[in-house]
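Novice: For C3-C22, C17-C39, C41-C52, C53-C58, the entry in Swiss-Prot reads disulfide bond.
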Amino acid sequence: MTCCNQQSSQPKTTTNCAESSCYKKTWSDHRGTRIERGCGCPQVKKGIKLECCHTNECNN
């Protein structure tokens, strides 16, 4: 599976993953809205929005 792994508004980059899902985490801090993308579907702390999906590059 191919997942996007760029941070926030960086140019799109991808990585090949062993997992069958991709994630996109979104949260806000003193720098504004932050976005993290990667492989799998991790547990997140309260206040962090998590979207998990199961197709190539679905987390852009």
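Our numbering is plain: 1 for the first residue shown, then up by one each step along the chain.
Including glycine, each Cβ sits where the backbone N, Cα and C put it.
Remember, it's a predicted structure, so these values are computed and weren't measured experimentally.
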Novice: For the disulfide-bonded residues C3, C52, C58, which one has its C-beta crowded by the most other C-beta atoms within 10 angstroms?
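Specialist: Counting Cβ neighbours within 10 Å, the top one is C3.
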Novice: At the level of the C-alpha atoms, what whole-angstrom distance separates C52 (disulfide bond) and C22 (disulfide bond)?
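Specialist: A Cα-Cα distance of 6 Å.
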Novice: If one looks at the chain holding C22 (disulfide bond), which residues at least 6 apart in sequence have a CB under 8 angstroms from its CB?
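Specialist: Residues satisfying the criterion: M1, C3, C4, R37, G38, C39, G40, C52, C53, H54, E57, C58, N59.
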Novice: Take the C-alpha atoms of C17 (disulfide bond) and C41 (disulfide bond) and report the distance between them in angstrom, rounded.
Specialist: 12
Novice: So if I draw a 10 Å sphere around the Cβ of C39 (disulfide bond), how many other Cβ atoms end up inside it?
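Specialist: C39 (disulfide bond) is surrounded by 20 other Cβ atoms within 10 Å.
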Novice: Please work out the number of neighbouring Cβ atoms within 10 Å of the Cβ of C41 (disulfide bond), leaving out its own Cβ.
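Specialist: For C41 (disulfide bond), the count of other Cβ atoms within 10 Å is 16.
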Novice: Looking only at Cβ atoms, how many others are within 10 Å of the one on C53 (disulfide bond)?
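Specialist: Result for C53 (disulfide bond): 15 other Cβ atoms within 10 Å.
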